[in-house]
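Input: a single structure, listed below in structure tokens.
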Amino acid sequence: MHQSSLIQSLNSAQAQAVTSMADRLLVLAGAGSGKTRVLVHRIAWLIKEQQLSPFSILAVTFTNKAAAEMRNRIETLMRAPSGSMWVGTFHGIAHRLLRMHWQEAGLPQNFQILDSDDQLRLVKRIMRQQELDESRWPPKQAQAFINSNKDEGLRPDHIDDYGDIYQKTLIGVYRQYQEACERGGMLDFAELLLRSHELWLHQPQLLAHYQQRFRHILVDEFQDTNRIQYAWLQMLAGKNVPITIVGDDDQSIYGWRGARIENIRSFGDDFGRTEVVRLEQNYRSTAMILNAANGVIANNRDRLGKQLWTSGEDGEPISLYSAFNEVDEARFVAERIQQALQQGLRRSEIAILYRSNAQSRVLEEAMLRGSIPYRIYGGHRFFERAEIKNALAYLRLICHRDDDAAFERVVNTPSRGLGDKSLERIRNTARELKVPMWQASLTVLQHKELSTKAGKSLHEFLGLIELLDQELRGLGLSEQAERVIEASGLIAFHQNEKGDRGEARVENLKELISATREFEANGEGDSASLAAFLDHAALEAGDTQAQADEDCVQMMTLHSAKGLEFPIVFMVGVEEGLFPSMKSADDLDRMEEERRLAYVGITRAMKKLFISHAESRRIYGSEALHAPSRFIREIPHHCLQEVRAAAKITRPMAVPRGRAAVQNTDTPYRLGRSVRHPKFGDGVIMGCEGQGPNSRVRVNFAGAGEKWLVAQYARLELL
DNA sequence: TCAGCGCATGTTTTT
DNA sequence: CATGCGCTGA
């Protein structure tokens, strides 16, 4: 492939970025400007034109999905496998380094990764040990304290307590937690980064080795880096390793979890003289949508500055719908989706974006009513589900007896009569002897410290694990998983759970076996081992839904929409207090992050964007009135077109007297009539709005109080 | 040990 | 409103 053919398909800014000779290159890539394309082409260019070996290239992303996509596209472009290239997430790469250099990093060879769920459990245990009052010291907060300090690169000794008892206590928890992790050979996510940073810090010869090896570093979504990731990159890049960073300060929406938008601004100061290339030509959206996005984001300060443009068509104006309440809003969305589907769009080409997950419910109901298949993103991912974690904990314990987190999780799951008292005894022994709980259990059994019943159960449990360990030797991964799930009694345990929850859980356990099979098929030799699978499960929590995608309308938060695009987008709940969130109201930095979120949302739309807000919305059980979001006002006026309700809505403030003819004659719902609703029970019609199928009735229910219902969907029965 | 009750709680999410 | 958690009683 010649250089010309490589850059042929690129615009001039893209080509400039791809072929830059600068050692420090910052590519400011606006939404939809071909960011990944540039990254991938630059890698190809480095290999083909600069004769770099794939082996000497490091490409870092934030999510596994992005890493996988990058690898795929490199292989497609270069028509060659990319196996020798290091492409991965920060955490994935840090993990890889630590596995390779566990000795230098002072880790046990079989160290385990602690996910946030396990981490919280451990923090709770430690706080209980210290007899901290959970209402005064919420474990979640302590966990956040630990993680945010680690993200900042801080160990307990580095943190100033300001003489503050609150701070002192949290530092103490951090310290104890860290000791517990060390004892059990466990690393949490932040620790992976911190450790690998310290590894290089303390082992200069290792750092030098990697600085020699990597001839180019590329980083995606740089605006999302936190302090430790920044320091890690700075250390690896040193003075001489060329580095390309790609990012968009306008799309920085993760400040609340440690991402520092400043990093992209200070890059030039810290890494050295930097060439900046702006990608502003957008290939995704209509001019109308881009103008709206530009108009909104222009209200932020301190931007590096970009103006998206397109050579494509103007497109339709953005439709703005002022809904009466959240139910009406959902009804509007469903109705417009139906229209779009009738025009031949596929469901998966349509997305509904909202600020918070709680908003999905009403929308979901509207989709159900309209029989529109949908998929909600969010919630627990596959490897995070309780039943999956239970099964994995058995596997973890089998390959690593010291894993206290796993031990705690399954010692009484399914319940085998080991209560808190017995466990407390084991924990105490473990603490006194400074040994893992497994060993403590043996001691406790030896000393016959438990009741006969509990002692017998514990003995059986230990025996089961030992037995499985024997049995699993020589078996393949999926056979191991199958055997453990069967022998553990987890299937029966979850089957007995009430509701249809249990059924789904059993399904998931079966799915886990398929996942191990797939893992076996993809990896080869040692990489398909149980230990490797456990790492995989911890580092890559999997998808939200196990089964593959039907053609569905996509529903998700604005945050999870980042990086995606859809021909039609609905942004709902665009109201003051909701979006921007009330919690960001008094802080300008956070308000600007909300605005960036609006920018992200708008730029997801390719052809058509709908924005809606509700005048009244039920939040936490009570009705709240919200003004339209400031972000709506910030959209240039000519980009917006107000939608009036399909059936003209009039607000009958009073019932007209004397002229019965004014009242809708085509609706059976007359004032004062008694009706019955399948859910709300009996009630009386108090008001009526509009005509035809979209008319709304106000019903005062005896049991449920006053409700507004859309006649078409209300399923009201006249009494 | 487990079900049932009362109470607090309630952005955004990846690894 | 709805969920999830901890605590209580059987």
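Cβ from N, Cα, C; glycine included.
Caution: TrEMBL annotation is automatic and unverified by curators.
Take the CB of A:Lys35 (ATP binding site) and look out to 10 A: across all protein chains shown you find 23 other CB atoms. Summarising the annotation, TrEMBL assigns ATP binding site to A:Ala29, A:Gly30, A:Ala31, A:Gly32, A:Ser33, A:Gly34, A:Lys35, A:Thr36.
Annotated domain 'UvrD-like helicase ATP-binding' per TrEMBL: A:8-286, in sequence order.
Residues annotated as domain 'UvrD-like helicase C-terminal' in TrEMBL: A:287-563.
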As a test of the contact definition, list every same-chain residue at least 6 positions from A:Gly32 (ATP binding site) whose Cβ is closer than 8 Å to its Cβ.
A:Asn282, A:Tyr283, A:Arg284, A:Ser285, A:Leu308, A:Glu565, A:Thr603
For each of the binding-site residues (A:Ser33, A:Thr36), count the other CB atoms lying within 10 A of its CB, then report the residue with the highest count.
A:Ser33
Other C-beta atoms that fall within 10 angstroms of the C-beta of A:Gly34 (ATP binding site):
22
Residues within 8 Å of the A:Ala29, A:Gly30, A:Ala31, A:Gly32, A:Ser33, A:Gly34, A:Lys35, A:Thr36 Cβ centre (excluding the ATP site residues themselves)
A:Arg37, A:Val38, A:Asp248, A:Leu279, A:Asn282, A:Tyr283, A:Arg284
What three-state secondary structure does DSSP assign to A:Ala29 (ATP binding site)?
strand
Those binding-site residues listed as A:Ala29, A:Ala31, and which of them has the most Cβ atoms within 10 Å of its own Cβ:
A:Ala29
